[in-house]
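Written below as structure tokens is the structure these notes are about.
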Amino acid sequence: MSPSATSVPLAQSSTPTNYGSFDTRSQRFLQPGANGAFEDPEIVKRHLVQPSDAMSDDSGRRRASDSGKGKQPDVASGGLDDEEFSSLRLQGGDITRPIYKWAEEATNKVKRSQSFSDPRPEPETEVLDINTIKVPGGFRRNFLRRAARSPSADPDYDDYGESGRRGTQQVGTVFTSSFLEFLSIYGHFAGEELEEDDEDLKPGEYFGSSDEYEYESVEGSEDEREPMEDSTLLTPSRRRRRKVRGGSGKASPTSAALVLLKSFVGTGVLFLPRAYLNGGMVFSNLVLLFVAALSYYCFVLLVTSRLKIDGSFGDIGGILYGNWLRKTILFSIVISQIGFVAAYIVFTSENLQAFILAVSDCKTVIEIRWLILMQMIIFLPFSLFRDINKLSFTAFIADVFIVVGLAYLFYYDILTLDTYGLGDITLFNKRDWTLFIGTAIFTFEGIGLIIPIQESMADPRKFPKVLFIVMIIITTLFTVMGAVSYAAYGSKTETVVLLNLPQDSKMVNTVQFLYSIAIMLSTPLQIFPAIRIMENGLFTRSGKYNPYIKWQKNVFRFATVAVCAIIAWGGADDLDKFVALVGNFACIPLVYIYPPMLHYKAVAKTRFWKISDICLCIFGFIAMAYTTSLTVMSWASGSTEPPLPGYCDSKKLPVLQILYPVFEGVPCLFLDKMNAPDRFELFLLSDGEKKITEEPFSGMSNCSDFTLKKEDHTLGNLLSEHLKQHPHVLMAGYKIAHPNVPELFIRVQTDGAIAPKEALIEVCKQLVAAYGQLGREFTREYELRRMVAAGEQNNGHPNGQ
């Protein structure tokens, strides 16, 4: 209703109401007993042209025209500089003049009455109170407000300005007593909205107060038709409606199963073969089955709790235990996601490094830290995405590459077993078994997707059955891949099993590169939840219309990616220990502590269920504390195992080289890697012949025979005696084939904790250090004796000659 169309002053509307106000602060402007409509001058003035807006376009031209005409000041300008701005000079100023005048008078009136404030309490419901019904027309107006909730000229639009043709009762139009009351109540005009949001607005849209929105539209509605001559010029804006909790609710069990399979199968399956080496074949199989069964049980506990209490993982904890548990759950999710991202970065770096070495024939070596930096630069722009759906295109490509990589890996494992037989495996590794537990939990971590996938199903009650089938499939997959790969490569199993494939094969290089790209494309999806959770806790305002806040968020996102890269760089040397630490510290609470806590308070009614939930929580706390502490101690103590030789190392195997005295009779033993033999040994080696070779001895487990192209009893006795003193060596001995044949044979058997080759390398390193120290002491002694001899010589020759 236009102000000019009313015959009474705007400030004296006869229908007081506070219905539907979006700004509760405006209640302070209403005095007790006020008989006017709920018209807030602060809200109305937001829609009026301000001096800065009017001056931005043609301030110079207006100043010239005003000085020539000498107009009188405009009393309705709201206390503005009359020589600079007047509402009468605006287009249609004579029509809107009463609004500007009312805004100025209402503001001055409030200033004068601020000495006493007794605001009327807000009604409990969005209906008129009894005082507003008593006035003439109040009862009818109350009925209209109850029947219609949206100020739309189109009766087919509901309270969100969207089409309301859903087969339900048509909603009428709300009538406000004045245009000013319209602005005060609904807070938007011509598609304007004062709330901020990070998403992009489409033409004719404004945002509501929710974080999640969806659109509802009806085919053939006016806003979807092409504008014609009979189309409305000014139509109500479409407002995004808050999504109903529970997702789309249209997914079938098959679709949910496929999504679960894709979410569980990632990098964890490639860490399992090395984890089997850490745990042993029998122990690893048993623990993996136990972890799978217990994880499924905890998943079901969470799903059951979700059916009782509507909300997300953290929301359920907040409802049952308070905000502290909600923050704790979110903290664990953030830590686990950051750990996943760091592990993904290291995984990709190691694979890309091996790929570059292979395709360049070992001529180009890029260090891990530079590959981590390269990935960080790539992930920085991905971190700026505000909508996770925009990253979904990377997930499909990654899934295809992962399937190709796993298929080829399984094929080559079977081929290796068929060609070379069973590798040197152990049944139980008493030193590093805790590392397997963390890696197994890391592999089965997917609890963050349980609730979203359940919500997406048309019948959420079928989810436990779907989850049971998926857990059987992935448990079989993980067990087969881990056990078969470990059986094929034994103690030579790399942290990332793809590195055990023959690097001189073009197919292997292709699979390695595709799998690396797949994991790199999956990394932005892993870091997105962590960024959003931390942003929601740190930033209370959106930066859509505030560049300063938006760039604060952008800098925070960049910093998060940088932190993930730094963590990846720190854990790059011991990736298996880093993955185990993430699984033990971050994933155990999410799977084995929080779900039984929620189930205990939300669902458990009988004594049996309560005791089982308590026992599971205690088990989770003990397992987390024990395995995390052992993993940290194992990491802090450092690794005594040298890295396994890679593709380039196979072309230049570790060579045990003896250099005879540079100083008088002092040998210096050291381990080196070289392509060609030393000149001193050219007569001992044929072209391309290796200085040292290893041949596994089939008569005993964990036993190998080493052949050194050097006929030397002293060297053989030295190495065998030091090998016998090694804590993991059970037997060591040597022999010389023939005095005329320059070959030395050394047989070494270990307890399975380390490979025989690793024990030999460690002993060689100890001898290198010992002879290096001996060389330095000999040099000092030699210099000291020479100085003494020089002094005695000087004493014998007084002239110093």
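Using the three backbone atoms N, Cα and C, a Cβ is placed for every residue, glycine included.
Curation does not apply to TrEMBL; its annotations are automatic.
Listed features, source TrEMBL:
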COMPBIAS  1-29  compositional bias 'Polar residues'
COMPBIAS  58-72  compositional bias 'Basic and acidic residues'
COMPBIAS  211-229  compositional bias 'Acidic residues'
DOMAIN    250-631  domain 'Amino acid transporter transmembrane'
DOMAIN    704-774  domain 'DNA-directed RNA polymerase RBP11-like dimerisation'
REGION    1-88  region 'Disordered'
REGION    145-168  region 'Disordered'
REGION    194-252  region 'Disordered'
TRANSMEM  282-303  transmembrane segment
TRANSMEM  324-347  transmembrane segment
TRANSMEM  367-385  transmembrane segment
TRANSMEM  392-413  transmembrane segment
TRANSMEM  433-454  transmembrane segment
TRANSMEM  466-489  transmembrane segment
TRANSMEM  513-534  transmembrane segment
TRANSMEM  555-572  transmembrane segment
TRANSMEM  578-594  transmembrane segment
TRANSMEM  614-636  transmembrane segment
Point to revise | Local confidence of the prediction over the domain 'DNA-directed RNA polymerase RBP11-like dimerisation' (704-774), expressed as mean pLDDT | key: 79
Check your understanding: Which listed stretch (324-347, 433-454, 513-534) has the most C-beta pairs under 8 A with the transmembrane segment (614-636)?
Key -> 433-454
Check your understanding: Which stretch, 324-347, 433-454, 513-534, 555-572, 578-594, tops the Cβ pairs under 8 Å count with the transmembrane segment (282-303)?
Key -> 433-454
Check your understanding: What are the DSSP helix, strand and coil residue counts for the domain 'DNA-directed RNA polymerase RBP11-like dimerisation' (704-774)?
Key -> 31 helix, 25 strand, 15 coil
Point to revise | Interface present between the transmembrane segment (324-347) and the transmembrane segment (555-572) (three or more C-beta pairs under 8 A) | key: yes
Exercise for review: Report the listed stretch (324-347, 513-534, 578-594) having the maximum count of Cβ pairs within less than 8 Å of the transmembrane segment (433-454).
Suggested key: 578-594
Study note, to complete from the structure: Same-chain residues at least 6 beyond the ends of the transmembrane segment (578-594) with CB under 8 Å of its CB atoms are 268, 271, 275, 294-295, 298-299, 302, 313, 317, 325, 328-329, 332-333, 335-336, 339-340, 342-343, 346, 434-445, 447-448, 571, 616-617, 619-621, 623-624, 627-628, 631-632, 635
